Amino acid sequence: MDARHWPWFLVFATFLLVSGLPAPEKFVKDIDGGIDQDIFDINEDLGLDLFEGDIKLEASGRNSIIGDNYRWPHTIPYVLEDSLEMNAKGVILNAFERYRLKTCIDFKPWSGEENYISVFKGSGCWSSVGNIHAGKQELSIGTNCDRIATVQHEFLHALGFWHEQSRADRDDYITIVWDRILSGKEHNFNIYNDSVSDSLNVPYDYTSVMHYSKTAFQNGTESTIITKISDFEDVIGQRMDFSDYDLLKLNQLYSCTSSLSFMDSCDFELENICGMIQSSQDSADWQRLSQVLSGPENDHSNMGQCKDSGFFMHFNTSTGNGGVTAMLESRVLYPKRGFQCVEFYLYNSGSGNGQLNVYTREYTAGHQDGVLTLQREIRDIPTGSWQLYYVTLQVTEKFRVVFEGVGGPGASSGGLSIDDINLSETRCPHHIWHIQNFTQLLGGQTTVYSPPFYSSKGYAFQINLDLTSPTNVGLYFHLISGANDDQLQWPCPWQQATMTLLDQNPDIRQRMSNQRSITTDPKMTDDNGSYLWDRPSKVGVEAFFPNGTQFSRGRGYGTSVFITQERLKSREFLKGDDVYILLTVEDISHLNSTAAVPGPVPTTSTVHNACSEVECQNGGICTLQEGRAECKCPAGEDWWYMGKRCEKRGSTKDTIVIAVSSTVTVFAVMLIITLISVYCTRRKYRKKASAKTAAMNLENQHAF
């Protein structure tokens with residue numbers, strides 16, 4: 001833009017921003033270009049010819065993943081290669097946290113183990129299926145693959161899972177419209193029997209993160225997959241998070257009995273209130289209720305939608321006695337990681353002077369009764385609605401979480417209520433953006449800006465929620481001018497902003513939150529050649545907060561297709577007409593170099609050369625055992641393959657037939673032997689009897 005036009009542009013932009021309308025060009029950069037590309041779209045545009053769109057097959061072809069030979073250990077070694085984009089590295093680590101929260105699968109940096117997963121920036125997004133025992137097993141997170149559910153999807157392949165729609169019973173649930181599929185891509189819709197992949201007796205899952213979308217490999221604009229239950233037509237192909245059935249299958253496959261970082265969840269639906277106890281060190285008690293006259297009218301878990309259910313814990317402050325306290329303590333918990341996050345919803349129907357204190361009671365050898373430590377004091381609690389709170393803990397000994405309600409002075413008609421408590425060994429989000437009356441905003445087709453926030457490094461930022469589209473919701477991250485700008489490094493280097501639309505399911509393990517991350521690359525330039533992440537006062541536009549304070553807002557960076565409005569209205573994103581967006585901005589500059597590897601490196605080529613002369617039959621897979629190539633043969637519950645090349649098939653039925661035949665044969669032989677023995681014995685005694693008779697006759701003759 002010509003320099004003499006710049007002041008007029010600022011005036012015009014300021015007018016639009018103040019009026020609540022978007023600035024020219026919305027002053028944002030859409031990293032998706034307005035197109036919500038799935039994994040298979042990305043790979044197709046790159047011209048990749050991968051099995052089922054994102055699976056790398058070994059030379060032996062499609063292998064069965066039935067049997068323990070194809071499982072990884074519960075802790076999987078990995079390397080993040082330096083070729084990966086910085087944003088992708090951070091997203092991968094966040095995906096690992098989702099695995100830890102919901103399964104017993106863990107990940108550790110490679111330290112010389114025989115087999116490990118090497119994550120690199122290849123062409124597209126793809127993985128092998130199962131542990132192929134190749135030493136270095138590659139998994140590609142290429143350009144535009146740096147979305148958390150995409151990473152989860154590819155690692156599920158590596159853990160041994162095929163796509164949901166290829167399972168043996170899929171024709172009972174979906175219809176494949178073959179004439180709408182791209183020519184030459186029909187094989188991506190093949191169906192496979194239980195000898196190749198096992199559904200683990202879990203129902204067909206329309207919501208699986210491993211399912212194709214309805215538009216997969218289409219040759220036009222019409223759907224290639226039609227669900228037999230029409231309500232799931234726009235559900236299949238979700239790329240937000242694991243579904244419940246995804247987790248059930250994964251936990252069954254790896255015999256998980258618990259998840260690694262999850263600690264506790266309580267919605268107070270059961271009378272035992274999740275093992276929580278009333279303290280003896282207070283002057284009142286918390287009560288389990290489903291409604292309070294002064295509010296809340298219903299719990300947060302069910303929002304009054306389920307009859308005879310919907311409970312929360314309530315501390316009554318209407319007595320008017322200032323300083324009255326009630327302490328509710330969790331069951332004893334045992335930490336493993338040294339950091340935890342407590343999440344809960346709080347409702348204030350009393351006076352503004354009431355407060356909630358969150359403590360930990362930590363038990364050590366020297367303090368058998370526990371040491372009470374204040375972790376957070378919550379004052380000035382808004383009244384009339386449920387509010388979400390997070391409390392960060394750093395506990396290393398066994399402990400309890402303690403909720404203390406404190407009544408304020410003066411008259412009060414209500415009290416404090418808590419519901420939907422979750423405790424996990426994860427990092428709490430840094431900030432919460434609570435948007436109320438969201439349905440009204442959604443219908444207004446407007447752009448909404450968050451309040452200003454600060455990152456842990458001191459950078460000021462703002463989030464832009466774009467509701468102007470009738471079908472999609474956009475989400476953008478802006479740096480803004482702040483109090484620390486003179487002391488900060490510019491252009492802003494390697495700050496990763498993670499923005500999460502919260503699925504408000506009461507149990508953190510059952511959520512399918514929608515998340516997107518972007519990272520500030522200090523070398524990234526804008527269309528006019530200026531650094532995108534430079535100081536906002538230098539490259540931004542003038543804007544105003546609602547109170548009239550002026551500031552500078554840098555260009556937004558994000559996506560116009562963050563989520564469809566249809567998905568936004570599903571699950572529990574929108575609850576009580578409230579939406580929560582969780583925000584974390586952290587420095588990931590330490591991830592610049594991650595590929596240092598120790599000792600001798602097992603190479604894929606050695607394994608492939610050894611197996612190149614071996615052809616395993618019937619879905620067997622070639623592996624190295626002490627340097628020798630051997631076929632690992634697939635097996636099911638009542639069948640198996642055997643032999644040097646898995647060329648022979650055995651089954652329980654065959655074994656029974658053989659066993660019965662052998663038994664009959666042995667019985668027949670024994671019977672024959674017995675009959676012969678009896679015959680010979682009888683013949684022997686007949687001869688003796690005949691000889692004795694002859695002797696007696698001779699004696700009688702001599703007597704005469």
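Cβ atoms here come from the backbone N, Cα and C positions, even for glycine.
Just so it is clear, the model here is predicted, and its values are computed rather than measured.
Looking at the candidates C104, C125, Swiss-Prot gives C125 as the cysteine bonded to C145 by a disulfide. H163 is the only one of H133, H163 that Swiss-Prot places in the Zn(2+) site (with H153, H157).
Disulfide connectivity taken from Swiss-Prot links C256 to one of C104, C306, C341, C428, namely C104.
The local packing around N528 (N-linked glycosylation site), expressed as other Cβ atoms within 10 Å of its Cβ over all shown chains, amounts to 7. Note on the domain 'MAM' (261-430): mean pLDDT across this stretch is 94. Taking the C-alpha positions, the distance from N592 (N-linked glycosylation site) to N547 (N-linked glycosylation site) comes to 40 Å. Listed disulfide-bonded residues: C125, C266, C428; maximum Cβ neighbour count within 10 Å falls on C125.
With the fewest other C-beta atoms within 10 Å around its C-beta, C256 stands out among the disulfide-bonded residues C145, C256. C428 (disulfide bond) is 43 Å away from N193 (N-linked glycosylation site) when you measure Cα to Cα. Local packing around the glycosylation sites N437, N547 was summarised as the count of other Cβ atoms within 10 Å of each Cβ; on this measure the leading residue is N437.
Looking at C266 (disulfide bond) and N422 (N-linked glycosylation site), their Cα atoms lie 7 Å from each other. Between the alpha carbons (Cα) of N422 (N-linked glycosylation site) and N316 (N-linked glycosylation site) lies a span of roughly 23 Å.
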